[in-house]
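Enquirer: Submitted below is the structure of interest, expressed as structure tokens.
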Amino acid sequence: MSETGQRESVRPSPIFLGLLGLTAVGGALAWLAGETVQPLAYAGVFVMVIAGWLVSLCLHEFGHAFTAWRFGDHDVAVRGYLTLDPRRYSHPMLSLGLPMLFIALGGIGLPGAAVYVHTWFMTTARRTLVSLAGPTVNLALAMLLLAATRLLFDPIHAVLWAGVAFLAFLQLTALVLNLLPIPGLDGYAALEPHLRPETQRALAPAKQFALVFLLVLFLAPTLNGWFFGVVYWLFDLSGVSHRLAAAGSVLARFWSIWF
């Protein structure tokens, strides 16, 4: 690969930069809405949350890819995983469309995108770190957004901060979901290197049913209550009221008022 090609394989893609810009535009609209619930407020929070969530999906997968690259899998650069281009991360519908649908229907940050990294030559500890890198990004984003809300919240711009709080809430749902030891998710991938080879082979077919397991989690009242109990507990540790995130959810999912 030429030097120019190498630079392009790690340079942030125009699409990712466009998503960042769109997030900023949504934030600006929410800021201009002030504290008044009006069409501008719904539009601003919707754009900020959806674009911001896509940005976080790219950063999550970049976390996996960059960690793998640091540990020796330099093919991730060739595959474009270090460009933060959402088109590089698996199937567009399953990786991007499905998470958007889950946000629209239930306000849940579903992990969707995926990068394929080579970890077979890595130590057990490094394989685990590669798997945990993505959820770590979600945790860092949640902490950053909640810290900003806690320190900078101004009732005059309540619409903006409601959207920021909801985006942080989505990061925490993604964190908890990803850490579940369900085959196909990061939590299981972090544990898999520590399992016996025969156990790994026995559980491998279950990875294709990860979405089914998640649907059971969301539809079973007891499991659903446990899941959101953990998410709300983590959210409340920040000192930010989860009612602010609930308000942001209503603004981002404005159709839920009527349906």
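Glycine residues also receive a Cβ, built from the backbone N, Cα and C atoms like all the rest.
In case it's useful when we look at the structure, here is the feature table from Swiss-Prot:
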type	residues	note
TRANSMEM	14-34	transmembrane segment
TRANSMEM	39-59	transmembrane segment
BINDING	HIS60, HIS64	Zn(2+) binding site
ACT_SITE	GLU61	active site
TRANSMEM	97-117	transmembrane segment
TRANSMEM	128-148	transmembrane segment
TRANSMEM	156-176	transmembrane segment
TRANSMEM	211-231	transmembrane segment
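How about a rundown of where these features are and what they're close to?
Expert: Long-range Cβ proximity for HIS64 (Zn(2+) binding site), meaning a same-chain Cβ under 8 A and a gap of 6 or more residues, is found for TYR81, VAL115, VAL117, VAL130, SER131, ALA133, GLY134.
Secondary structure from DSSP puts GLU61 (active site) in a helix.
For the transmembrane segment (128-148), the residues of the chain that approach it from at least six positions outside its boundaries are 56, 59-64, 66-68, 71, 109, 111, 117, 119, 122, 164-165, 167-168, 171-172, 174-175, 178-179, 186-187, 189-194, 234-235, 238, 240, judged by C-beta separation under 8 angstroms.
Listed as Cβ neighbours of the transmembrane segment (211-231) (distance under 8 Å, sequence separation of 6 or more from its ends, same chain) are residues 98, 106, 108, 110, 169, 172-173, 176-177, 180, 182-184.
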Enquirer: Note down the number of other Cβ atoms within 10 Å of the Cβ of HIS60 (Zn(2+) binding site), including every protein chain shown.
Expert: 29
